[in-house]
Amino acid sequence: MSFVLAIDQGTTSSRAIVFRSDISIAARAQAEFPQHFPASGWVEHEPEDIWTSTVMVCRDAIAQAGISAKDIAAIGITNQRETTVVWDRATGQAVHRAIVWQDRRTADICAKLKADGREPVISEKTGLIIDPYFSGTKVAWILDHVPGARARAARGELMFGTVDCYLLWRLTGGKVHATDATNASRTLLFNIHTGQWDDELLEIIGVPRSMLPEVKDSSARFGESVPDLFGGAIAISGIAGDQQAATIGQACFRPGMMKSTYGTGCFALLNTGTTPVVSKNKLLTTVAYQLDGKRTYALEGSIFVAGSAVQWLRDGLGIIKHAAETGPLADQSDSMQSVYLVPAFVGMGAPYWNPRVRGALFGLTRNTGPAELAHAALESVCYQTFDLWAAMRADWPSSETASVVLRVDGGMTASDWTMQRLADLLDAPVDRPVIQETTALGAAYLAGLNAGVYPEPTKFADNWRLEHRFKPNMSEATRERKLAGWARAVKGVLASDEGA
């Protein structure tokens, strides 16, 4: 039997999962690593921590599976997107800590780009908005704030990469400087229409082309690991950013299929096929995956607060001790009350993109208690998903006639209550898969596809297994009343922003 090793390098931990040829899991390992917050709004990682934790979990997973390097057909990598590393081409030493996707230090750079009228051309070419979230301005900041870095970059001495690229470079002993199209599409430097780094974008943001990696298919022979890492060389044959990898792991290969990943926040992607749809509703247009030189696109929406709303119930209010208590508690709520939580704890993401507003509760009465607050917190995740759903269907009219499928993954999907309410408010089935490790599975599939372990996408999709389908069970009148109440609550929060 052949095995595939998936590296899932995340924001707070590195994970490795060994998949069998039938996509069942043979072993898994995880290791957390330190977070660094040197200033307000700044988030950094030590690149060496990313590297050492990744190697450690790979070795642990291989040992747990009772296999050796010769049994592993390929390695697939998936990663926290946008996080930026710049290192010395000769020594391999990072010139600065990795600047994490959450980091907001480049807000002034972004504001200047907008003030200079650069957003239309950047958005048209990249499908993104100008925001510190993305890699390009992070690279520019490093070049301008590390002494001598910009001059060194101009001389070709420095390399840039997202986390996948950095790991690939280290795994191959510094032989391969490459990334895939999904990660490239999150940099503000990549033209999603041509599939290439864009000279105009590089000039606008101030990043030398010599720093950039080669962009390849998501399933491709990137190189092989140096033998002394895992007891033998292993082909590295698949790379994708974490949300795109989850889309692949959910087998969302048909246009109109949509996945939502629920963790601290929520990321939803809608497959739009070979057409890059330009959003008119503040969604992002991104590369879902690239196979055989052909790009498949997606609309993406980001929700900042999903699972963290439940954490707030536990840590902020103290009304629960464990997340699993929220569903039963919500079931006890008074059906006559209409309490809405708009959880804009750190502003609002798509489709509103307002970083200034803050959260609010609406509809409180003397009888409002823990059950009603739990109900409102769980429903807020569903309402926010509905907003993304509605924006996506407005941006891509084909979804009105296509068979729209919502597949969910992430820790919060363990809540049957939340998933049922999600189906009710979307008026669409919500599918929860048997394999919840969808992000790692996506990376494994891309690697295994290139290595000949896994079949082409349509056949792989046949192996996707449903654990539970949540079917809508709410009257149209109730659904419309509840959604109208949510819309009023959001309007109230947005109106509270003096800059609105």
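Yeah, the Cβs are placed from backbone N, Cα and C, and that goes for glycine too.
Listed in Swiss-Prot for this protein:
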BINDING   Thr11, Thr12, Ser13, Thr264, Gly307, Gln311, Gly411  ATP binding site
BINDING   Thr11, Arg81, Glu82, Tyr133, Asp242  sn-glycerol 3-phosphate binding site
BINDING   Thr11, Arg15, Thr264, Gly307, Gly411  ADP binding site
BINDING   Arg81, Glu82, Tyr133, Asp242, Gln243  glycerol binding site
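Within 8 Å of the Cβ centroid of the glycerol site, not counting the listed residues Arg81, Glu82, Tyr133, Asp242, Gln243, the chain contributes Gln80, Thr83, Trp101, Arg186, Gly241, Phe267. Taken residue by residue with DSSP, Thr264 (ATP binding site) is part of neither helix nor strand, so it is coil. Looking only at Cα atoms, Asp242 (sn-glycerol 3-phosphate binding site) sits nearest to Thr11 among the binding-site residues Thr11, Thr12, Thr264, Gln311. Gly307 (ATP binding site) has its Cα within 10 Å of the Cα of none of the binding-site residues Arg15, Arg81, Glu82, Gln243.
Within the same chain, residues at least six positions away from Thr12 (ATP binding site) with a Cβ under 8 Å of its Cβ are Glu32, Phe33, Gln35. If you compare every pair of Cα atoms in Thr11, Arg81, Glu82, Tyr133, Asp242, the residues listed for sn-glycerol 3-phosphate, the longest distance is 15 angstrom.
Within 8 A of the CB centroid of the sn-glycerol 3-phosphate site residues Thr11, Arg81, Glu82, Tyr133, Asp242, the other residues of that chain are Asn79, Gln80, Thr83, Val100, Trp101, Arg186, Gly241, Gln243. Each of the binding-site residues Arg15, Arg81 was scored by the other Cβ atoms within 10 Å of its Cβ; the lowest score goes to Arg15.
The distance from the Cα of Thr264 (ATP binding site) to the Cα of Gln243 (glycerol binding site) comes to 14 Å. In terms of Cα spacing, the binding-site residues Arg15, Arg81, Gly411 that come within 10 Å of Gln243 (glycerol binding site) are Arg81. Calculated from their C-alpha atoms, the gap between Thr11 (ATP binding site) and Arg81 (sn-glycerol 3-phosphate binding site) amounts to 9 Å.
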